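To start, the structure under review is shown below, and the notes come after it.
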Amino acid sequence: MTRSRTTSAARRLMLVHAHPDDETLITGGTIAAACDAGIEVLVVTCTLGEEGEIIGDELAGLAAQHADQLGGYRYWELQRALSALEAPESRGRVRGVFLGGAGRWRDSGMAGTDGSRNPRAFINAPLVDTASALAALIQDFQPHVVTTYDPNGTYGHPDHIRVHEVTHRAVELAAASARGWDVPRLYWSVIGHQAFQENAARLSGVPADWVREPGGGLGLFPDEQITTRIDVRDQRDRKAAALQCHATQIMVDLPNRAFALSNWVAQPIMDEEHFVLVRTTGHPVPDGQAAHGLFAGPGPT
Ligand SMILES: [Zn+2]
């Protein structure tokens, strides 16, 4: 990947995710909002999501225990989702890459599964290998903002926890390198508990065969630790369209602005997305940073 010199003054946002669909589920509105604000966006995905459960019968044979073709299919789901997040007038501002190239490291599945024991699994790769690969991307793209997961990996998936570890190590490696890049702002992307509960009010109207679990949701984060809230109401339609692109993983109920994963548990498409600022440096951020909350504001508390 080579970055054009003509874009060197632009603001740049890098989001590091574990599997295709995480970028939209957790940060889709932020990607779209950043795109609208003229920010260059690079989504780094660490695996192809080969171990995911598949919704519906038509594509069930792609699963890891059958044809093992899900990863290649989800590659294209991700490309379509990233395109859906862009506004028509800003085509090309959002790009996606896979860490180490597509298929370099494999989805590890949940703890204790066969997938977690695969020698190619992301969690089984030496941390220095995966972190060095990400550090190289950081040095090349020179992001002003990087996002990763909290130490619990949002909801405890081993690959998400590893993404947290890899990103923190990569940011250190990139800063220490002779030709390095000291990332000005590093965030954890999280889902705040209170906002989730408020958004969950619309779930009463979801399809009858979806499961409603009051208080449920992917790893809800303590509200008092959130430093940055991105209002994504204007981008919600594009986020919903991007969620629909991940059809092997996600069902979408547009009227109720809700979705469900393969466990059929109803969840709201959030009005805002949440971040925790965990690292700042004195490295300058280009002018105009107030146009997007991740680039502005005070340092960590
Ligand atoms: Zn994931």
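Including glycine, each Cβ sits where the backbone N, Cα and C put it.
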Out of His144, His160, His164, which one does TrEMBL list together with His19, Asp22 for Zn(2+)?
His160
Neighbourhood of His160 (Zn(2+) binding site), C-beta criterion under 8 angstroms, separation at least six
Ala18, Asp22, Tyr149, Gly153, Thr154
If you draw a 10 Å sphere on the Cβ of His19 (Zn(2+) binding site), how many other Cβ atoms land inside?
27
For the Zn(2+) site built from His19, Asp22, His160, further residues of that chain with CB within 8 A of the site's CB center:
His17, Ala18, Asp21, Ile26, Cys46, Gly49, Tyr149, Gly153, Thr154, His157, Asp159, Val163
